[in-house]
Each structure stands twice: as structure tokens, then as C-alpha cells.
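Here's the structure we're looking at; comments come further down.
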Ligand SMILES: Nc1ncnc2c1ncn2[C@@H]1O[C@H](COP(=O)(O)OP(=O)(O)OP(=O)(O)O)[C@@H](O)[C@H]1O
């Protein structure tokens, strides 16, 4: 039999099984739909029942509707290749592996969920350790149609005569596919070293490191799906949070988990972690570095304790015919005393009121000592404490602090200097104040962590009792027992498992922000120090690494995995990119690219004056040569030019990105513009260049007017 005849016959066999699976899926879908409808009917009927019965029926209805909706959600998820694998074992068993586990009417397995133990040999079996698997088959599909098959034989000596073997490698076929706008899942071709990470125990901290394209992100996302399948109960209601470097990145990875039927994971960019605030830009490197440093913690703490702008500088109140007065310096002493007790200012208004009343009693006492009327201290405190004018003063003098207001006050250089004490150098104070004062620019990514820190520092005002404009309502009340839901801080969304991607770029302040969302969580931390944009122990950047350790606990207690194969770049592209960091990365930090294409990167010397034309031509050239996406990448301050240059080129596959915007992303082709400008951009410019070059899967074109960008 010819090879193509065998392939057609094998495809027909698999198609028959896939048809059975879809038939069963349709049956399950209509069962779930009718269960949901019955649940709704139960709800309608309940209206006419006695109250007691009604409550229990409503509960039953809610459970039914919820369960049915969940099932439908999973069944309706985008199932590119619902069944993608098959194992034929030594014991003459056949196991189909897919995105969902599905049983037939007799409860026999039609498909085994890829996360189940029974599916593990699909990823873990090798020729050296076949785990009883004779043939591993990857089934490729488009919709419900089987389009291809790739086999591996793991026990050749045990291969029965009638068992056919086709194809020459599912992984290579998957890697050669054109890239679209969104990352795809890799369930069909997860490699053994990756599977080990995905299935690592859920507790504690799991660190994944490895060079560009080694599948760190893909593995972390598949781990999220695995953990929720295996340990949903242990992870608890908190669920899973995935933090990525940018919104472009979270959009890029957004399809992976839903394609595995998992929709409960929260994906957030690091600039999007604080609800109600959105980062609109990235600060220049030196400013971002200061804003992210652990020193900012002390600066913000002092800022919160400063005198809010515009507060009254005198308190006058009449008591039994005597005018009692507190002048500005006395009021400030009271303020310092209240802050000195610690605690969040928004939770301390009662203390502030008490301290003011005590200070007023001292004034009355001094009046008495110099011949004024005698006063009963306790009576004075009680009587003045009930006066509406006193409470009006208190509201103005000890206002509720909002993180965004405190941050904007630091746009005043004098105020920032006071808060900074010796923590910031004069030039740092100037550049930071200028950045905070620029209200029109919106918040930067680094500002979000500062706002979050401020939110923790100021505290949440206590709940008010009556209408908002009644100053008396500011009386504090003990929290109701129901309000003390748990020992968790009330401000933060808490998660059961937190996955941090591109962790090498997190500043200490960002670590603190993320840490507040996972105080009781287990962690998966993904990063590559060689791709770091700002912070790197390699630069001796800081003892700031301590903040990550505060969140993650001792480094010695972490589980560490290193991925060593670069699945993204062609070998030709990666070998040029690796030259950029040669001498700046250990040999063991650079992965091996497995796919040679025979297409070398193009490096073209250009004249700076003709850059516009050259960029356009290069973009058009690669757009014509690749099927998928193309990015033109420059240093951050080049982006506006590049956008202008490329405005005449209208092709949805084309993106313009800055050196910091392309973290974690990938494109079929990259046009890299003026690499020397990356090197000049920041201390970490060389690594930014390495990141940009390693975004390309098939083609890389470098346009440069400076021949010195590449080390010999
Ligand atoms: N086992 C696999 N099968 C198929 N494709 C894979 C596999 N592992 C990784 N890939 C693909 O390789 C590419 C790189 O993966 P990913 O983005 O997860 O790498 P990374 O290590 O996070 O890269 P970087 O650090 O450069 O951002 C993606 O297109 C991913 O789908």
C-alpha cells in the first residue's frame, strides 16, 4: 500500500471515532439544555408555592441552572481538535486523549481528559521509558474533520504487524504553522520537560525559567488549567490569577484557557491590577526605576502622614463662654501624635477626634490655671465631642485620603522632598515630582503599584451610617460580626493560586502589589533574567530582590524548573539574537533552537535619511513572504516615527511595537529598526534588543544605520 493510501485509511479510522465523540457531545449538550430549562421551570412554579417550599425549590433550581450552565459552557468552548491524541498500549488498549473527558451511555471512556492521570503517558512516554505505549498518535483536525496524523513509535519491537505508522513529527508540524493574533494551546504537543512542570504539585512556589520561546508562558497557562482540574477544591473560591507584562500580552494569551474549556482564570496586566485605575503609558526607564524601588515605600508612608493640602490651620470653639483655640503648630502636633500611634489614617478618625478633644481640654485647663473658669475634663470632652461644628472641623482637618490625591500631592517638589527625607537624591526628586505633576499624562504602569501601596497605607474608610453629607455620620462604629468575614484584608481580591509571567521585570513595588493579592496563595513564577528590562541581580540593581522573597518565601524552598528548548525561533534567527547577549548571559541561560529553516536573517545597512522608505519596503517584503503576523519594532522613542512611516500600509497582520511593548509576544516576521537605539535606551537596552529579535518565528530583517550594534 502506498503511503498516501495508508494515511487516508488511518484518517478514516480516526474520523469514525471523532464522529462518535461529537455525536455523544451533542447528546450531552441537549441533556444539559433540558436540565437548565427544567431548572427555570422549577423557579417559575415556585412562585405559587408556600414560602418554605418556595425557598427550597429556588435553591434546587439555582443549583440545577448553575450546573447546567457550567456544563454547557465547557461543551460550547472553542474545540479546535476536541480529540487530539491516541495511545495504543502494550496491553492492547486504546486511549483517546482530548480537551475534555467524555464517556458514552455505558460510562465507557470515549475520550480521556488530557489532565487526567491516564493521559499522562501521552506526554511523558519516551523511547527510553515507553510506559507501556507502543504507538503515540497526534490527531490533527479542523472543526470536526480529521486532517492529519503524526505517529511516534515508542516500542518498535512490540509493534503488531497490522498497526500502521504515519507522519514524521507532530511537534515540527505545529511549530511551522503560521502565527495568528492569539496564542494557541499546545495540548496536543506538550513535551515531556514541559509536562513535568504542568503537573508539578500545586502547593508552594514553582519557578519556571528558560530562554525565549521555551514555552514558559504556554506551560504556565496549561498548568493553570491542570491545577483547576486537579485541585479546584484546594485552590478554593479564590481561583487563579495570571499577571502578565502588558495588555497586549493578556489579549495575546486570552484564547488559550477558554480553548481548554477553562473560563474562570483572571488574566491581568501588571498595569491593570488595581480596579478603577488604568495605566496609559510606561515611564522612561530612569523614572520607572525610582518609582519601582523599595525605597518608595517609606516615601509614601511619610506622604500619607503629611498635612493634606488645604486643611484648616486653626480650630476655634466656644465652651461655656470661653473661646478655646488650637493654632496651626498645635494642630500639627496633634496630627503627629495620632499618626505616631500607627494605623491607617482613614481608620483613625476616632483617634484624631479624641486627640483634638484632649488638646482642647488642655487649653481649657490652662485657661483655668490663669484665672478662667474651672472645667470638668470629662464633661468637656463629651460635650464638645457631640457638637456638629466640631465634627465639621474634623472632616475638613482629617479628610478621607484617596490614593490618587496623595500621589498627585507629590507633584509638589517641596512636599516630595519632605516625604523623601534622605531616601531620594535631589535629581530623583525633581524627575519624580515632574512626572507626578503631569496630570494630563494619566497613570503609568509604575504608578499603579504606587497607588495600590497607597491604598494599603490609607486604609478603607469605615462604613457610614446615614446620608453622606451629615458630618455626624463619621462616628465610627464597631464592625458588625458579619462584616468580619475573615482575617483577609478587606481591600484586596485574594487568589488561591497566582501565576506571574515575565517576573524578571517586576519592580519591588510591583511585587508588593501582587503579593497583596496572594497572601495565602500558592505560586507559579515565570521568568528569564536574560530578558530583563529593568531589574536584574546581574546588574547588582538592588537588594530589592528582597521584596520578591518577602512574597514568595525563602528561595531554597522553591521548586525550580528550567526549560531548555526554544520552540519559537528558527535556529538561524536565534543564533543572531544570541550574539547580542554573548558575554552577558551564561551558556546555560541560552536555549537551543530546534527548527532550522535555511532562511538567514537579513541585516541591511541603511541611510538614516531614507529610513522611512526602507521601513516601508521591509514591511511590505515580509508581509508578502509570511502568512501570519508581522511586527516592526523600534526603541520606545522611535515608535511614533514608525507608526507614521507605516500609516500608508494597511494590512491587519502588521503591528508597530516599542522595545518594551513586545514582551512575551511573537510574530511570524519581525523588522527591527535601528538596533543601536535599543542599546542607548537604558542600561538594559542590550537585553531589550535580544527580546525584540527573539519575537520572530520565521523571518527577521534588521535595518541599521550604525554598524556597531552587533558584537563581533
Ligand atoms: N510543546 C509545544 N508544542 C507546540 N508549540 C509549542 C510548544 N512549546 C512551546 N510552543 C510554542 O512556542 C512559542 C513560544 O512559547 P512561549 O511564548 O510560551 O515561550 P516563552 O518561553 O514564554 O517565551 P518568551 O520568554 O520569549 O516570552 C509559542 O508559539 C508556543 O505555542
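Every residue gets a Cβ built from N, Cα and C, even glycine.
What TrEMBL records for 189-570 is domain 'UvrD-like helicase ATP-binding'.
In sequence order, 216, 528, 562, 563, 564, 591 make up the list of same-chain residues 6 or more apart from residue 210 (ATP binding site) whose Cβ falls under 8 Å from its Cβ. Under the three-state DSSP scheme, residue 210 (ATP binding site) falls in the strand class. What TrEMBL records for 210, 211, 212, 213, 214, 215, 216, 217 is ATP binding site.
Here TrEMBL flags 462-488 as region 'Disordered'.
Taken from TrEMBL, the feature compositional bias 'Basic and acidic residues' covers 466-477.
Each of the binding-site residues 211, 215 was scored by how many other Cβ atoms lie within 10 Å of its Cβ, and the smallest score goes to 215.
Only 212, 217, of the binding-site residues 211, 212, 217, place a Cβ under 6 Å from an atom of ligand 1. Per-residue confidence over the domain 'UvrD-like helicase ATP-binding' (189-570) averages out at a pLDDT of 87. Excluding the listed site residues 210, 211, 212, 213, 214, 215, 216, 217, the same chain places 528, 563, 566, 567, 568, 591 with Cβ atoms within 8 Å of the centre of the ATP site Cβ atoms.
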